[in-house]
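**Student:** Here TrEMBL flags 26 as active site. Annotation comment: TrEMBL describes 29, 56, 57, 58, 76, 99, 147, 148, 149 as ATP binding site. Taken from TrEMBL, the feature Mg(2+) binding site applies to 59, 99, 237. What TrEMBL records for 58-164 is domain 'PurM-like N-terminal'. For 178-350, the entry in TrEMBL reads domain 'PurM-like C-terminal'. If you look up TrEMBL, you'll see 29 marked as site 'Important for catalytic activity'.
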């Protein structure tokens, strides 16, 4: 079905996927502090072929197969964030594929992961979820070759995705350099918008923009910037930890500070007003607790703007660290493929992970 006309998420449907969901999409992620705690005692992999692993909270693992090829692998799943099963499948698949693109790789093969309450929902709903995901994987030029499903009390869906990249073109979150410009490819505010959607407070235009944001693959951004590859030093995608969390991860991994200019950030329609009314997901406050200790704010920054800086994104855009003299070329290349990207700040010498918020 078209994302321009999804099923009404506010009807009295007896089979509402979100009926027993506490937090949907990437808002369901563990907080950064919780994740660090449970990963602290895991043994470190020492294989020289492992190019990226759990260090630095990279988007995916990368394993060098030979001098010309590296395998990139990720897994991502989450509870429903809306009631339309097909659209939920599309969004979950788009989100999982994004980790492959964030590493500069191309997805090739995916396996589906499904937990489904078979006693509470008809099986055709599960089939629609799988179809939405499969269609999105096909759009990405990859294939779904199988998967695994179990019964459970809450629906969960996602993908394990494998992709490939030349080792020299692998992007990580740790390569940013001083003065690199930070370029973001999607508008922020998905977490707030999804909360408003559940409350029946989004108009048709805002719904359309939201669904487009959530189902747009990040492949065009990677393809458009391929010719600038040597001048792009780092990349990640913006998901559950919000803009601040993911910039902080990049700057800490790169041993740099960062400056974020709030006036340059693009937001989804209406989210500033919605956030000012208190429609902010709980995960945003968890992100604030995890990351705000290393953030300096301008005086009198509106609370709703601060909240949106920590807003958990589902299927968010990419963040690139680009050599300053190539930032305009980067924006122009993205615009040519229909991506309204923006330069939202830069990296600088300073306390690793510290972010200075400016007008």
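Glycine too: its Cβ is placed from the backbone N, Cα and C atoms.
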**Student:** Checking the binding-site residues 57, 76, 149, which are within 10 Å of residue 99 (Mg(2+) binding site) at the Cα level?
**Tutor:** 76
**Student:** For residue 26 (active site) and residue 59 (Mg(2+) binding site), determine the Cα separation and express it in whole Å.
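**Tutor:** Just about 14 Å between their Cα atoms.
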**Student:** Which numbers of helix, strand and coil residues does DSSP report for the domain 'PurM-like N-terminal' (58-164)?
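**Tutor:** So the counts come to 35 helix, 45 strand, 27 coil.
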**Student:** Only counting partners 6 or more residues apart, tell me which same-chain residues put their Cβ under 8 Å from the Cβ of residue 57 (ATP binding site).
**Tutor:** 32, 35, 173, 249, 253
**Student:** To the nearest whole angstrom, state the Cα distance for the pair residue 59 (Mg(2+) binding site) and residue 76 (ATP binding site).
**Tutor:** 10
**Student:** Cβ-Cβ under 8 Å from residue 149 (ATP binding site), same chain, 6 or more residues apart: which ones?
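**Tutor:** In sequence order, 112, 113, 114, 115, 116, 126 meet the Cβ cut-off.
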**Student:** Show, in sequence order, which residues other than 59, 99, 237 on the same chain lie with their Cβ within 8 Å of the centre of the Cβ atoms of the Mg(2+) site.
**Tutor:** 60, 74, 98, 100, 101, 102, 103, 236, 239
